[in-house]
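To start, the structure itself, in C-alpha cells.
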C-alpha cells in the first residue's frame, strides 16, 4: 500500500512538471508555426506569380473549372457606393466597399509585389495600410503584409499576447488528497480471464519454454555420454560381438556379457546417428546406412524415466555390495591419474595405419613415427592455443584496458605503501631495540651520574671549606695591610713633621745670616 501511494505521489509530481513546462513548449510550437506560415506565404506568392505568367496554350491534367452562373457574356450593372469619410478612423482607409471599379482586383490600391504576406483581392473588404495598435479597427481588417518590419511587429505582438495569457494561468498546486479504498480489489472472474486475449510475446515465450522442457526430457533419456558431452569414438568396433553361431556354447555369464556388449554397440550406433561426431561430417552415407541397418535389426529401446531411476538405484546397490565385498576404498585422484597414465603408455597410435596398437607390439620405426606425430600434434595444438590466447588477450586488453591501467597505478601505490610500511617497521624495530638498550643502560647511567654528583658535591664542600679558609686569610691579610698602611702613614707624617722642622730651622738660619751680611755691609759703607 505504501509503494502504491509513493507511486501516485511520483506520478502527480511528474504531471505538475509537465504542466509547468507546457507554456514554454507551446510558445516554441507557435514560433515554429509562424515560421512555417511565413515560408508558406512566400511559396504561395511565387506560385501565384508563375500561374499568372502562364499563357493560354498551357495545358495539362486537372484543369481548374470555374463555376458559371450562365448569366451571359454581357457586362452587368455594378452598384457604386460613395465612401463615408465621416465614420472612418484616422488610420482607416477611405477606400471601402463601393470604391472599387468593376473588374478591379485591389480597388484603388496597386499590387504590392514586395509584401511579406500577399494580400488576396477581396471585394468589399480592403484592409487599412497601417495597423491600429489601439484596437480601434477590427482584427480581421488589419494588414500585416506591407513590410517585413510590420510583419515582425505583428508576430512579436502575438507572442507577447500569448505569453501574457499563459502567465495569467494559475500556478499548479500540490494540494491534493489520496483516498485509498477500504475494500480490496475484486478479483477478475475466471470467465473474464478466459475471454482475455493473450499477448503474442507471452505465447511465444510459453512455446519456447515447452520446447526447452521437451528437449530436456528427451535429453534425460539419452546416455550420460550425450548428456555430459563426453568424447566418443568415430567408428564402432563391431568385432567385440561374438558370431551368432557361437551363442549356443556360451555360459550364462558370457551370455550376460554379450547382452551388455550388444546394448553398448546399439547405444553407440544410435548416438552416432542422432548426434554425429563433428569429425564424421566428411564421411560418406555408407556409414549412416550401416547404422540404420544395424538399428533395424537391433532397435534402440527408449525407456521411461521411472525405469531408468529404478535401474540407477539397482546399479548403485550393486556397486555398494561389490565395494564392501572386495574391500574397495575411495580412489584418490592421484591414483586414478597414475593408472590412466600407465594405461595410456601401453597404447600407441600408428599414423601410417591410422589406428591404435599396443606399445610392446610396435617396432622402433612405428614408435618414432608415433612420437613425431604426437610432437606435431602438440605443436599445432600449442600454436592454435597461442593464437587463441593472443586473440583473447587482445579482446581482454580492449575491454579491460582502463581497468589494467588503473590496476597498474594501484599496484604501484600498493608497492609504495608496502615499502613505506617496511621502512616504518624497520624504523620502529630500530627505535624499539634502542629503547630496550637505553632501558638496560639507564640504571648504570643513573648510578654513574649519581656517583659523579656525589663526588662533585664532596669536592664542592671541600672547595667551599678551602674557600672559607682563604677568605679568612684574605681578611687577615687585609687587616694586616690596613694596619701597616696606618703605621706607614703615621711614620710618614712624623717624618714629614721632622722634615718641616728642619726646613724651618734652616730658613731661619739663612735669614739670620743675611741679616748679619747686610749689617756688615752697612757697617762697611759707613
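Any Cβ shown, glycine's included, is placed from N, Cα and C.
Curation plays no part in TrEMBL annotations; they are all automatic predictions.
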Stretch carrying region 'Disordered' according to TrEMBL (options 64-87, 88-111, 112-135, 136-159): 88-111
Residues flagged as coiled coil in TrEMBL, choosing from 296-326, 327-357, 358-388, 389-419: 358-388
Same-chain residue ranges lying at least 6 outside the coiled coil (358-388) that approach it to Cβ under 8 Å: 345-352
Counts by DSSP class (helix H/G/I, strand E/B, coil) across the compositional bias 'Polar residues' (488-510): 23 helix, 0 strand, 0 coil
PLDDT averaged over every residue in the domain 'Pre-mRNA splicing factor component Cdc5p/Cef1 C-terminal' (82-333): 72
Long-range neighbours of the compositional bias 'Polar residues' (488-510), counting only residues six or more past its ends (CB under 8 A): none
